[in-house]
Each structure stands twice: as structure tokens, then as C-alpha cells.
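Written out below as C-alpha cells is the structure these notes cover.
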């Protein structure tokens, strides 16, 4: 599923034209050795293809054998490696908690809920943009990189949030949007007026002469949100590049002054105490200097569609990697000069695997991002995926990730439908079990711990997402990102406990009286309590340091195993089908074992501490189980 394309119920998604091309990343066919996570696990990755009569069953086995350094954890290790096994919780500030009754979430609201993260077990939060903005794209159009959007509060409110978070042991990550600013930023106004020093802060071009003294765009480049990526500016009498909305002009990073200005922005927020940054839309930062037309993709006949072209001149140019490496050095230097935890950088971009891996490091080992986001659970897998598909995409990332780096697993975000809406309401617990028991880093979008669902019936009058508004009354529902951005459902009180106001910036989902945090905290079994149990389990040595094996047991069920010498083995088994399945895990676990259930889902017929027979593990539709193995 490509940026600009929306999820549709019942549709089977394929990779976009960019990622459908066969590459040497398509299927690993030879053993590969890797380091995984901060524990220096080393292992060999294997795959085997089993062909049966009338059915091709892919059994992909990924086995990481333990080889760890012998040392005791200490504060230095914690400061260096704190992020490698972290669960980062994404907060969409506008929707998280409103403190003043205006219907819009804010910084004081987030601060008031920091204890919630302590209670849940979350120790790192990532804030979507909070900078000053005209809110054309709800904060991803920044008019001042050093100030707070007034609706969200003040710089003093931000300082108070950081102070309280530090007191509670919570690290704060900021969204950083470098590709473009708002057209209301002083830089753009000065550039449009050709003020000295700012003439080339943005990408300006004359265009091509058209009929009747008109000017046509310089080339065929298409915006992510459809239509030309070039916008005519009457005052300057030139086109400016805008790969997103017309209110988001692309900055010109071939101008050293722009790089320096953004370096200073990063240092400004580092000095305020943030633990790092999520770099937005990193793949778009540079474009072809020659402005060459991009070739047709053959995916669609619509010239306004983002899928109309192969984006070889506007995405993932080599200079993108160089800039990320430059910012990594800036962060490393800041960490070296300022005691405390490593300041980290995670990058966001939907791209082919071979291109994403370059954001970790280049072929010479020069370090880039601490990790580029892995969107496979969003773009490659869906409710119709079979068990071997899950194992394959998990294995693929681990196989081609450079040695010494950490994997990550993004389950949802503000641009895509929620887990419960993509995979089905009954899958929420199983998907959280999967994310929490895989090696590396987990990314949780707010409300996913509760199983919140998209509000697909938001009316045209209540729609605020700009691309949806541009799509018009007949098409807005297929484009809108509003359904996954509705207010956090804290309780069954007015506005789900999000706000005391008479209205909220987006409607609260009508199911809030049944689906909310307070109800789930008080229930014997709930999605929240499953999530809480998984967070606690992640602190176990076997999940932090253990080896990893994955296998499709049949077309509908797969299992992952985590092992560490001297520790009980953990087994996660997931049924991705809508039918009850019974599987034999005896061969997968090798030795006779006692199986004891540690975590079960809300609707499971099993109960925690129940004993299972390896040859008769029964799973309800879409059920996941986390099992502890002890040798007899």
C-alpha cells in the first residue's frame, strides 16, 4: 500500500509498482549471519521451500543461535542501548488529551497522562508534530521550528512535560519534518521575495513556456496527494516544488545554509531535553538536480496519481543517506558532549527494502539512522495473508538488516487504518503478542493497546484531513486519514474522557462507552491487560537477549520461539485464519516440554497457567498464545 493510497475493506493489497520489481531481496537463498539487537546475538538464517501435491507451503525458518558477551548490565549499557528493545508509543497530540476544554489535545493533557505510561510499562513516547503551524496538514506544515502550536500550549508547557517525563523515567522523541516547511514560514516568505541569503532556500524553477504566455511545470513530477508537484507563485513568478500539499514547499538541501539551519533546530530541541527524533518523509528530501521527467510505471493510466510514475528522481537519492549520516554524527557528538542516554534517530519512509537498509548504514559502514521504520505489517501483510507470508516478511527484514543493528516492527500510525480495522477486531491481541515477542523494537500507535477502531462514518461536514477535503464528497472516505485519528477513548464519560468541551476537533468514535481504558482497566480480561502483560513479559531476559526462530506450521498458523540458555523458552503461536486450528508444535520445540500458557487473548477459551499438550495446541480464529516451555 503506497503513500496516497487508502485501505479498502476486503481488498488484497500488493506492493506498489516501486516494490514489485524483483530484486535480490525477494527471497534469501543462502545462510546469512547477523547481529540482532543490543545483545550481540549472532546466528544463521535459513529457509527451505516445501512443495506438496496441489499446494506450495513455504516454511521459512529463521534461527538465531545465542552468542553473547558475558557482562553484567550497568548504567553505561543502559544509556547506550536503552532504545534497542524499547516500545515507542506514538502520541497524536491533537487527539490524546485535552486539558482546557477547547476540544483539541495539548501538551498539558499529555503531561497529565504520563502516569498512565508508567502504569502500562511504557518508557518512551514519540510526539507527532507540536511546532507552530497553520495546520493545513495538522502539524506537518511547520511555520516555526522553534515554537509550539498555540493550540497545544507554550514552550513552558513543553519544558514542564520534559521535566515530568524525566522524573518518571520516560524518554520523549519529537517528530522532525525536514523535507518541507509551511508556506507561512518566514524562510519561505523571504525566499519568495528573493531576500538575500534566502533566494535558494526552496526549490524554485521557471517552468516551460506554454500557450498565451502561460508557464507549464518544469517536468512531470507528481505530488503524493495527486496532481503536479509544482506550484506557481505569482509574486516570484516561478514554480516551487511541493511534493505534498501546496502549503508545504520543499526546502532546498543543496543549499548549505538550509542544512545549517536545520542542524540548529535539532540542537535547539536536544538542549531542551528530547531523547531523539523521528525524521519524517526522509525519502523525499533530495530530488534530481537536472529535473528529469520520471518514467511511467504502468500501474495506472491516471496522470495525476502518485502511482503513475516510477519515482527514481524524487525519492531515495544517494544524498538522502548522506544527510541522515550527517545528522547521526550531530546526535552522536551531542551525546558525547552531554552525559545521559544516547540520542537516537528513527527515519520514516515507504520504500523498497534494499533502499531502506541503506538508512542503517552505507557499504563502508558509515552509520545513519539508529533504525528506519519497518512498515511490513502495514504495507505487505493484511487480513488475507497466510502464515508463511508473516514468517517470510519477518525473516526478510532480519536477513538483510546490516549486522549490529536492531529490527523494528511498526503496527500502526496516523496515516494508516488501525490494526483492528486492517486485520480485524479479533486480531488485536494476537498482533500485539507478535510485536512484543519479536526481537528488537516495537512501535505502538495510541489506542492500539485498547483495540480502538477507525471511525469510518465521519461525515463530510466533520472531515478535516486536507487530502480528503480535496477529494470531494464522493471520494473523501477512500482518502481520509481522519478515521484513525479520532480522540483517545479514556472512559465512558462525555467525549470519552478526552475533553470537557461541547465538541471535539474530530468526532469521538460512538463505541467509546463500551471500548475505553477505564472499562478495560476494571475488567477481568481486556485488550489493555493483555498489552500490559506483554510489556511486563518483554523485560524477561529471554525476550531481551534470546535467540529467535520462526516457522509456518501450516498455511494458517505460525510460531516463533525465543530461547536463552538457563531461561525458560517462550513460544508464540498465532492463527491468522477465521477457522479454529489445532497444531502439533512437537517438532518445532524439538524436545519434550511442558507447555504453560503465559498470555492469552480476551476471547480465548484458554486461561493463563493452563497446561497444553505439544501435539494438541488448539487455537480459535485469529487467536494468539504466548506459552512458556519447561523441559520435563
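Heads up, the Cβ atoms here are built off N, Cα and C, so glycines get one too.
The shown structure was predicted, so the numbers you read here are calculated from the model rather than taken from an experiment.
Per Swiss-Prot, the listed range annotated as region 'Disordered' is 1-30 (candidates: 1-30, 31-60). Annotation for residue 280 (active site, nucleophile): spatial neighbours 129, 140, 175, 176, 177, 178, 179, 348, criterion Cβ-Cβ under 8 Å with sequence separation of six or more. The DSSP secondary structure for residue 333 (N-linked glycosylation site) is helix. Take the CB of residue 578 (N-linked glycosylation site) and look out to 10 A: across all protein chains shown you find 12 other CB atoms.
Between the alpha carbons (Cα) of residue 212 (N-linked glycosylation site) and residue 578 (N-linked glycosylation site) lies a span of roughly 62 Å. One residue stands out among the glycosylation sites 179, 212, 333, 461, 575 for having the most other Cβ atoms within 10 Å of its Cβ: 575. Here residue 333 (N-linked glycosylation site) is compared against the recorded positions 415, 461, 575, 578, and the shortest C-alpha distance is to 415. Under DSSP, residue 212 (N-linked glycosylation site) is assigned to a helix (H, G or I) in the three-state scheme. According to its DSSP assignment, residue 179 (N-linked glycosylation site) is coil.
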